[in-house]
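In what follows, a single structure is set out as structure tokens and then discussed.
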């Protein structure tokens, strides 16, 4: 019985982790290569790492980690991790 509960909790945790860490399709690779080519011609014009609308650390991000500027949404809040 205990083993069954542990397995169920582990599966639920891994499923939730997969959904939280999944990439948002809005920031996919569809425009990455043309922008990268333009970046090679003019490195100052690079906007690949900038997002128009992102939340600063400490703000509520819900379940969409792509909305955080730092791309880390943990427990529904944007985080900034420094190593």
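A Cβ is built for glycine as well, from the same backbone N, Cα and C atoms used for every other residue.
As annotated by Swiss-Prot, signal peptide applies to 1-22, with the evidence given as sequence analysis.
What Swiss-Prot records for 54-69 (among others) is disulfide bond.
Cβ-based neighbour count (10 Å, all protein chains) for residue 57 (4-hydroxyproline) stands at 14. Under the DSSP three-state reduction, residue 57 (4-hydroxyproline) is assigned to coil, being neither helix nor strand. Per Swiss-Prot, the feature 4-hydroxyproline maps to 57 (among others); the stated evidence is experimental evidence.
Other Cβ atoms within 10 Å of the Cβ of residue 61 (disulfide bond) number 24 in total over all chains. Here Swiss-Prot flags 61-73 (among others) as disulfide bond, drawing on similarity to another entry.
Summarising the annotation, Swiss-Prot assigns 4-hydroxyproline to 65 (among others) and lists experimental evidence as the type of evidence.
Annotation note: residue 78 (disulfide bond) sits in a strand segment as assigned by DSSP. Taken from Swiss-Prot, the feature disulfide bond applies to 68-78 (among others).
Put simply, residue 78 (disulfide bond) is 6 Å from residue 61 (disulfide bond) when counted between their Cα atoms.
Of the disulfide-bonded residues 54, 78, 78 has the largest number of other Cβ atoms within 10 Å of its own Cβ. Spacing of residue 57 (4-hydroxyproline) relative to residue 78 (disulfide bond) is 5 Å (Cα to Cα, whole number).
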